[in-house]
Every structure is written in C-alpha cells, then in structure tokens.
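So that you can see what the record holds, here are the features copied from TrEMBL:
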REGION    1-31  region 'Disordered'
COMPBIAS  10-23  compositional bias 'Basic and acidic residues'
DOMAIN    73-314  domain 'Orn/DAP/Arg decarboxylase 2 N-terminal'
MOD_RES   LYS89  N6-(pyridoxal phosphate)lysine
DOMAIN    316-410  domain 'Orn/DAP/Arg decarboxylase 2 C-terminal'
ACT_SITE  CYS383  active site, proton donor
Amino acid sequence: MRAPLTRGRQKGESVETVDHDSEVEAGQRAARRDEAVRAAVEQGLLGPDRPLVGLLDVTGIRRAAAELRAAFDAATAPGTPVLHAFAVKATPLVPVLRLLHQAGIGAEVASPGELALARAAGIPAGATVLDSPAKTPAELREALALGIAVNADNPQELDRLDALMRSAPSRSPLGIRVNPQVGGGSIEALSTATATSKFGVALRDEGAREWVLRAYEERPWLTRLHAHTGSQGIPLSLMAQGVAETYALAEEINRRVGRRQVDTIDIGGGLPVNFSSDATAPTYAQYARLLAEAVPGLFDGRYGLVTEFGRSLLAKHGTIVARVEYAKTAGGRPVAVTHAGVQVATRTVYAPGAWPLRIAAYDAKGRPKEGPAVVQDVAGPACFAGDLLAREQPLPLLEQGDYAAALDTGAYYFAHHYAYNSLARPGVYGYAADGRGGVAFAVVREPQTVAEIVTESGGAHARALTALPTARDD
Ligand SMILES: *Cc1c(COP(=O)(O)O)cnc(C)c1O
C-alpha cells in the first residue's frame, strides 16, 4: 500500500500525538480508499462520462461512531446517560444519518430542512436536539410538539418558549445556550466563543450571568445547559475551558435553586480534524480524557451528557474523486484540470490558507499513481482563476484520464454543493467490502441531472418575466 503524500504538519496545528491503534486504523482506511477508487472505475461509477463522485467509507464511519461512544463510556460513571447527536450540517445525507443512528448516534439539527432529514432517517425525537440561532415560532412549536430538545439562543427566544409552555406542556428537554467567551481559534469564521460571537447568551457580558441564573430560577422546566465552543482551528485546551465554564455555571444554577434542576450538560461538538495525514488526531478518547482531567465533576454521574460532533465523525471517511480532463502547463507549472472545484470544495477554494486539502493521484484505472513528485496545481472546472483544489502540491504528475482524489472530504465538502456555473451535484456512494474480496457500493445520493438543474433554475417559469406588463416607455 502506498502512503499518500502529505503536507508537513503546519505551525500551530493542534495535532495530538498519534497512538498506535489509530495509526493502524489510518493505514486500513487508506487501503480501503485505494480499493474503492479502483472499484469505482472498474464498476463504471467513475469514467469519461461520469467524471466526479463522492465516496463514503461505511466501515470507517461505523468505527468512528463506535470510538466516540467507547471514549465517553470509558470516561463517565456507569449508567450516565450520554446522547451523541451528530451535527447534521456536517453531512446532511439521509442514509448517513440512518447509518449513524444504527450505530447509536442521534442528530443535532439547526433548520427545518435538517430536522426533516433526521426524521426521514428515522431518528427519534428523543435523540434529536434543535440548536439553530434563528428559530421561528412555528419551528419552536413543532419541536415542542414532537418532544425534541431545544436550546434557547437568547432572551427573546426564551420568551417564545415561555408562551409555548404556557399554552401546552411539552416533554421536550429545554435549555439555554451560553457563550463562555473563552476566545477564538485560528479560523475567525468558525470561532464560536469569541467575545462577540453571534451564538448563545454571552456569559461575560454585564448582567448576563445573573440573567441566566434568574431564568433558571423562574423556570423549573429549564433542565439543560448548552455551549458549543470548539471548531476547526480551536485548541483542545480552549475547548476544555469552555466546557469547564459551562459546568461551573450548571453547578452555580443548581446551588442557587437548591436542587439538581440542570440535569444534562450539552458540550457541543467542534473536535478539530487533522487534514495533514491519514491519522485521526486528536481522537475522541484523547478529548474525553482531557475533559475528565479538566472537569472531573462533569463525568461523575450527576449530569447526563449531550455531544454534537460533526466534522470529526465524518471528515476522514469521505473522498471526492475527479477525472483529469486535461493536463497542461502554465508559466512552467503543471496544471491538472479536473471536475472537482468550488462546487464541491467551496471552503478550500475561497479560503485555501485555512482549508488546505491533501490530494492523492490515481491512474486511469484507479490505481495509486507511481512516479516522482512534481509540484503542480489541481484545478476545478469553474470559470474563475481561483478555482483550485490544490496549489503547488507535490504529486506524481497527473495526466489526462487520471484521477485526483481530495481526501478527508466527508464533512462540509461534497455534501455541501455550491451551484456555481450550474455544475451538477455529483453522485455520492457508500462503499464496503463485499465479502468476496471486492468492493460493494450503495447509492447515497443520485447525481443531479441537467434536466434537474433546469427545473431548479426556474425552467417551469421560462416566460414569467417576459409576461409581466411592459412599461409604456420601454
Ligand atoms: C456546527 C455545530 C456543531 C458541529 O461542529 P463540528 O465542528 O462539525 O463538530 C455542533 N453544535 C453546534 C451548535 C454547531 O453549530
């Protein structure tokens, strides 16, 4: 098996030490990926007329879910209720949610669409958490009618919950989202716990803590407390500090009201992902151990827990594979023009410094490409110069008909289609060993057709604008 080319670890990246098990797991995952790419070409999922696919490693997803559960089971007192709610926004695909559900994982949703996906996947209300920062009265009413947990983002939302609770009792567990304002990480747009972050009640603002304490005192039905302080680019120590401050607030609320009113703490998600090699780092076990050291009381059985991991569950189990349509040079630099660009890797294309991706090279038969590393660009199909999947990456020289694979793209990449240039959403397929030495694929999402693009772009209303009355001076 070939070791894929990797970027060196970058300064400031909080990659924890890689333990032996996760190194073995990383090697197995890379081997499964190589086999899947070859099988995708052999079985015709990829080819001249199907130049782009998203692939999901079903075995890897199952293992990640099992590792998450095992990590918190090992850290918590026996019998502690723990709900791991997958942040649906990371990979909003119904079959993925169903697979996770089967592996004991629920759903964290933040819009009517995400809630509908979770319900379509069969995730029960009791395993669903609603967190969006802009919930309408109708969404809140639906959530409370279904019994879905809701974390109120702000005082105005709490007013709405008050009104709903007065009009009809609900079995929904209800809480408030707080922002411990512990600071941001290296990616500004993803830092949820800065002083001015838009999420939750900013705890360190004047009067805010007292307001939260009183809110719980006055509402015996507020039984949860929520914070989500991590994300890509945030050091683990800062995440742990956010959790510690949330725990301290729960303790303070319970002291104030004189009983264990807050019975569950939702610590959010946000575990960063290592995009620079196949290794899973940090692991859930490392994070759970760190939390157990930093906030021992959180795990002693007095509180139920909710987690909301997204990226760390799915990122390393997805691969975008794109055919090299043309190989050229510009200014002396080789450029492989592929079918994967801004439409499937939007963040990488618009913010390449924050979101670099590793690329693996495969030949026309889908076999790992051999050969000396050549510094080259891997471009996408969109009509603007910045549409590059990778810049100056050393890879075996990509040639026409080869395939370029963007690794670790199972979360926030190919499932988040961006319709630039009316480029079609690629098909997404899950893969697993077929038990006979080969690879079996399952359709997760059909590729979008050109007819669908026309329909979704107002095709049924072609005459709508020309049919409007014409002004006399036109
Ligand atoms: C996005 C989000 C998550 C998931 O974050 P990841 O970085 O993908 O783990 C969890 N909770 C909330 C409230 C979120 O907004």
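Positions of Cβ are set from backbone N, Cα and C atoms, glycine also.
Please treat TrEMBL annotations as automatic predictions, because they have not gone through curation.
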Across all the protein chains here, work out how many other Cβ atoms are within 10 Å of the Cβ of CYS383 (active site, proton donor).
10
Rounded to the nearest angstrom, how far is the Cα of CYS383 (active site, proton donor) from the Cα of LYS89 (N6-(pyridoxal phosphate)lysine)?
27
Looking only at the domain 'Orn/DAP/Arg decarboxylase 2 C-terminal' (316-410), report the model's average pLDDT.
97
For the domain 'Orn/DAP/Arg decarboxylase 2 C-terminal' (316-410), how many residues does DSSP put in helix, in strand and in coil?
7 helix, 44 strand, 44 coil
